[in-house]
Amino acid sequence: MLDVKMMRQNFDEVKAKLQTRGVKEEILVEFLRLDESRRDLLVKVEEMKKYRNDVSAEIAQLKRNKEDATAKIAEMKEVGGNIKALDAEINAIDEELRGITTTLPNLPDDSVPVGAGEEENVEVRRWSEPRTFAFEPKPHWEVAENLGILDFERGAKVAGSRFVYYKGLGARLERALYNFMLDLHVYEHGYTEMITPYIVNDTAMFGTGQFPKFKEDVFQLQDTDLTLIPTAEVPLTNYYNNEILDGKDLPIYFTALSPSFRSEAGSAGRDTRGLIRLHQFNKVEMVKFSDAEHSYEELEKMTNNAEEILQKLGLPYRVMALSTGDMGFSAAKTYDLEVWIPAQETYREISSCSNCEDFQARRAMIRYRDENDKVQYAHTLNGSGLAVGRTVAAILENYQNEDGSVTVPEVLVPYMGNLTVIK
């Protein structure tokens, strides 16, 4: 959530930045009008309360002097009613302001490319050249079904479209991948491994910015305020909800494997086959808590942590700086890692690493006490390290052989019981 005082004092700059994120000018003008009305009403209320206090003292004096205070008492009843009415008006404006401020996205950092969508994303760097095949590479779902390691048909029978069974060496490959990812993050990158709740309340979903704006994107438990997590970012970030940390403990690194549940509202007709877009998938998440001074340094480190996984797996990828119109709601800056998918002859997102600055911390009240004993909002960061199913897809396509087998990436061989080929 944005700082209302900052919005008021820097309105033109805030308006210009939010418009690059698709926010309509009339919404921001309405915010300013409501904010001014609220401040005017607060001044009136304070003046009335001061007048009431002064007259109350006069009434007390009149009573001590055994003089008639009836008129002033009647006047104070009227003033009290006026104060109550103004308070109600202020509360109504507060609700309107909250309806606006809770749905405004974060301000983009000055380094973020300005643009309406993914077409304006900027490539930062690439790693490795895509493999040249001596045969036409098959899509991963075809490779997997021929090997009998993924079953989309029975997944659909049991749960509907966009669900899958991992089977045999397919399940082993998925498990090998997330164990490899967690080991790298914990033992080499310095993250603390967590196992989180997979169901969270509305407060947690609000804290990370999914609610109230994106309720249609998740699976909610009927007749409760509980939701299946769309990402482990939600329980990991909210671990410190409404807490004050010791600044000396920052930065704090968390990582967790969890299923992610997405309704994929608005994705009809997109990626209807394969592992790219499912309602349920495993993901290893990275979350950081930082001070303001070092959060962008931590973003670069987090992005490098995700890149190292792809490099060790030998998967070609590129890093994209997302434009203002393509970033997620809570992000101030985002890098996407896109892995090469041979059958589609294109790069597809496999990780997204974001600095949310103090946007989530304001919503979740995550603070720290600095060296001067002043309480500050923390900066929060999150990133995929990596989406496991999409990594399986990338391996099946990039490491497929002409005979239909799949070579196991060298770094995964120990995790696969020294198996070198899936066939």
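Using N, Cα and C of the backbone, Cβ positions are placed for all residues, glycine too.
According to Swiss-Prot, the protein carries these features:
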type    : residues                                               : note
BINDING : Thr231, Ala232, Glu233, Glu285, Ser384                 : L-serine binding site
BINDING : Arg262, Ser263, Glu264, Glu349, Ile350, Ser351, Ser352 : ATP binding site
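Non-local neighbourhood of Ala232 (L-serine binding site): Met194, Thr196, Ala256, Leu257, Ser258, Ser260, Lys283, Glu285, Val287, each in the same chain, at least six residues away, with C-beta under 8 Å from its C-beta.
Here the Cα atom of Arg262 (ATP binding site) is found 9 Å from that of Thr231 (L-serine binding site). Put simply, of the binding-site residues Glu264, Glu349, Ile350, the one whose Cα is nearest the Cα of Ser384 (L-serine binding site) is Ile350. A distance of 14 Å separates the Cα atom of Thr231 (L-serine binding site) from that of Ile350 (ATP binding site). In this structure the residues listed as binding ATP are Arg262, Ser263, Glu264, Glu349, Ile350, Ser351, Ser352; their two most distant Cα atoms lie 19 Å apart. Other residues of the chain with a Cβ within 8 Å of the Cβ centroid of Thr231, Ala232, Glu233, Glu285, Ser384, the L-serine site, are Val234, Leu236, Ala256, Ser258, Ser260, Lys283, Val284, Met286, Val287, Asn382, Gly383. Cβ neighbours of Ser352 (ATP binding site) (same chain, under 8 Å, six or more residues apart in sequence): Gly328, Thr334, Tyr335, Asp336, Leu337, Gly383, Ser384.
Across the fold, the C-alpha of Glu264 (ATP binding site) and the C-alpha of Glu233 (L-serine binding site) stand 18 Å from each other.
When Cα-Cα distances from Glu233 (L-serine binding site) are compared across the binding-site residues Ser263, Glu349, Ile350, Ser351, the shortest belongs to Ser351.
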